[in-house]
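Colleague: This is the structure, below, for whatever I ask next.
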Amino acid sequence: MKHFDVVVIGGGHAGCEAAATAARMGVQVALITLRKSGLGVMSCNPAIGGLGKGHLVREIDALDGIMGRAADEAGIQFRLLNRKKGPAVQGPRAQADRRLYREAVQRLLAEQPGLTIIEGEVVDLQVNGGRVQGVSLADGTSVGAGRVILTSGTFLNGVIHIGDQRRPGGRMGDDPSQRLAAVLGELSLARGRLKTGTPPRLDGRTIRWAELEMQPGDEDPVVFSFLNRVPKARQIACGITHTNARTHQIVRDNLSRSAMYGGHIEGVGPRYCPSIEDKIVRFADKEEHQVFLEPEGLDDDTVYPNGISTSLPAEVQEAYVRTIAGLEDVRILQPGYAIEYDYFDPRELRPTLEVKALGGLYFAGQINGTTGYEEAAAQGLAAGLNAALSIREREPLHFSRSGSYLGVMIDDLTSRGVTEPYRMFTSRAEFRLSLRADNADQRLTPIGLDLGCVSDARRESFNKKRELLEKGRALLEGSSFTPSQLNELGIQVSQDGMRRTAFAVMAFGEEAASAVARGVEGYGDLPEEIRQQLAKDGLYAQFILRQEEEAAALKRDEAIRIPADFDYAPLSGLSSELKAKLMRARPSTIAQAAQLEGMTPSALTLILARLRRAGRDAAAV
């Protein structure tokens with residue numbers, strides 16, 4: 001029987017990242033997947049990154065993960081989302097060529113020393129003395145393991161729904177994992193059903209592109225990996241169109257034939273990626289919904305219509321799609337479908353992602369109730385690191401909420417659990433001002449260097465960047481200006497006679513940063529990337545101090561009581577999701593409110609402010 005230090009089950013985004021990460025830590029790893037050719041497949045949308053998600057990809061890359069590098073090789077349109085908002089919430093996103101992404105992932109895995117890829121289906125876990133010892137394959141093969149990481153995606157008891165038709169499937173074209181699901185059921189872990197969906201795939205040759213609005217990528221594309229500077233593939237534009245009243249009427253007339261609305265699905269779907277059926281029902285007053293037509297590759301005529309995922313019958317899909325401008329003659333290559341699958345309550349896990357009830361077994365990805373490639377890959381990285389550290393008998397790595405979005409996600413999952421597919425947003429992070437996408441390497445690469453999971457090339461690149469940042473910060477801190485000097489530079493400040501360092505002046509925004517570059521000798525010679533990061537550091541410096549003070553104050557305020565009839569509706573800063581959960585749960589204290597799934601310190605601060613205002617009003621009567 002072959003034996004490996006770590007065995008990873010599943011070759012999706014979580015599995016690939018887990019296997020590569022554990023191998024970088026110097027342990028022997030086996031990645032078991034149904035088909036080697038399926039490694040790196042993008043099962044749903046052909047894109048990486050986005051709001052919150054792009055931050056996760058940067059954090060994965062900072063620890064030398066593979067997702068960012070693969071996305072840079074395959075990216076055919078890069079856009080920085082939220083570009084008009086503050087730097088902290090700007091998220092890099094890339095539309096990817098499916099083939100190029102798959103090939104990049106497979107090459108990166110093949111080049112990784114210590115990683116063996118095995119084709120097969122895992123059907124059982126070998127357990128002895130309360131610890132997992134290995135796995136059994138469908139062909140009778142046994143593989144020994146010191147640690148096992150399960151990244152099953154949507155395969156556990158997966159069922160594909162198209163209208164009233166249902167069939168077993170982990171995704172279109174692949175069988176589900178039923179025998180392993182039965183084995184996991186014997187562990188008595190809390191489990192549930194979730195669902196996700198995908199839109200029909202379109203033949204781009206039958207789309208009237210000339211009639212559509214086209215959206216190009218950014219002129220100054222922001223890539224994912226800190227080792228790269230520019231995209232590697234040819235860049236293209238996407239099409240934009242919209243649904244209309246006819247579209248909505250067809251969907252409305254056939255809601256009973258939808259798998260979701262026809263009662264065929266019990267699993268809960270992702271709130272922030274609704275199907276076209278959900279959009280028509282939940283947003284009945286909207287006259288149209290935007291649809292992005294995303295080519296799936298440079299040499300592929302398939303188009304992904306982002307925004308119309310569905311579980312309606314194939315003939316209904318064809319009818320409503322052809323009411324959309326530019327798609328009147330379109331041919332559907334593959335119908336959209338919903339997929340329902342098992343997940344396990346992530347509160348059954350330690351913060352290392354190890355299962356509490358069975359030592360040596362780790363869960364990562366959609367099995368933990370998350371949705372999205374990026375969330376899965378980040379969990380895979382965390383599980384791979386901790387499994388390897390455990391093999392080496394080293395201290396586990398606990399990602400903190402204050403240090404990474406990865407830490408926010410794992411803490412949310414393991415302490416609050418999920419009732420619907422969990423997606424990362426910047427609003428989930430109370431320390432988001434310091435958790436920017438551009439400084440992920442400064443936050444996490446030092447940890448990777450200490451752990452030994454970072455390549456020599458990344459070490460060299462990181463050290464060079466850190467030296468430049470330190471040099472730039474010293475120049476800024478060592479230069480100061482009087483109010484008169486600042487006025488001469490075009491920066492209007494109070495004439496209070498106080499000198500201000502150049503770093504402090506960064507808080508006044510982009511124009512001030514540009515003026516400082518002209519006023520500090522040697523600063524303008526630094527690379528643009530370094531000056532941009534220092535400007536963001538200065539911009540947020542005072543806010544971050546205040547943020548830390550608020551977090552400390554929240555800790556002190558946990559015992560404050562919330563009236564049973566407290567009205568959350570007027571709190572405009574709360575999301576509708578949080579308002580609904582608060583009104584349903586009716587927490588009696590701030591501490592109880594803090595434990596709700598999706599709760600954030602900023603939301604707690606809003607509630608506290610309203611409670612204090614109500615208290616002052618009552619005292620004044």
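Think of each number as a place in line: the chain as shown, counted from 1.
Glycine is no exception: its Cβ is also placed from the backbone N, Cα and C atoms.
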Colleague: Which of V122, V127, V230, V316 shares the FAD site with G10, G11, G12, H13, A14, G15, S177, Q366 per Swiss-Prot?
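Modeller: Site partner of G10, G11, G12, H13, A14, G15, S177, Q366 for FAD, according to Swiss-Prot: V122.
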Colleague: Considering only the binding-site residues G269, S275, F283, which residue has the minimal Cα-Cα separation from Q366 (FAD binding site)?
Modeller: G269
Colleague: Write down the Cα-Cα distance for G269 (NAD(+) binding site) and A14 (FAD binding site), rounded and given in Å.
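Modeller: Rounded to the nearest whole number, the Cα-Cα distance is 20 Å.
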Colleague: Suppose we draw a 10 Å sphere around the Cβ of E277 (NAD(+) binding site). How many other Cβ atoms does it contain, all chains included?
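Modeller: Excluding its own Cβ, the number within 10 Å is 26.
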Colleague: May I ask which of the binding-site residues G10, G12, V122 is closest to F283 (NAD(+) binding site) if we compare their C-alpha atoms?
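Modeller: Considering only the listed binding-site residues, the nearest one is G12.
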Colleague: What does the structure give for the C-alpha distance between G12 (FAD binding site) and C273 (NAD(+) binding site)? Integer Å is fine.
Modeller: 20
Colleague: Cα-Cα separation of R271 (NAD(+) binding site) and G10 (FAD binding site), in Å?
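Modeller: Checking the Cα atoms of R271 (NAD(+) binding site) and G10 (FAD binding site) gives a distance of 26 Å.
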Colleague: What whole-number Å value do you get for the CA-CA distance of S275 (NAD(+) binding site) and V122 (FAD binding site)?
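Modeller: Computed Cα spacing between S275 (NAD(+) binding site) and V122 (FAD binding site) is 32 Å.
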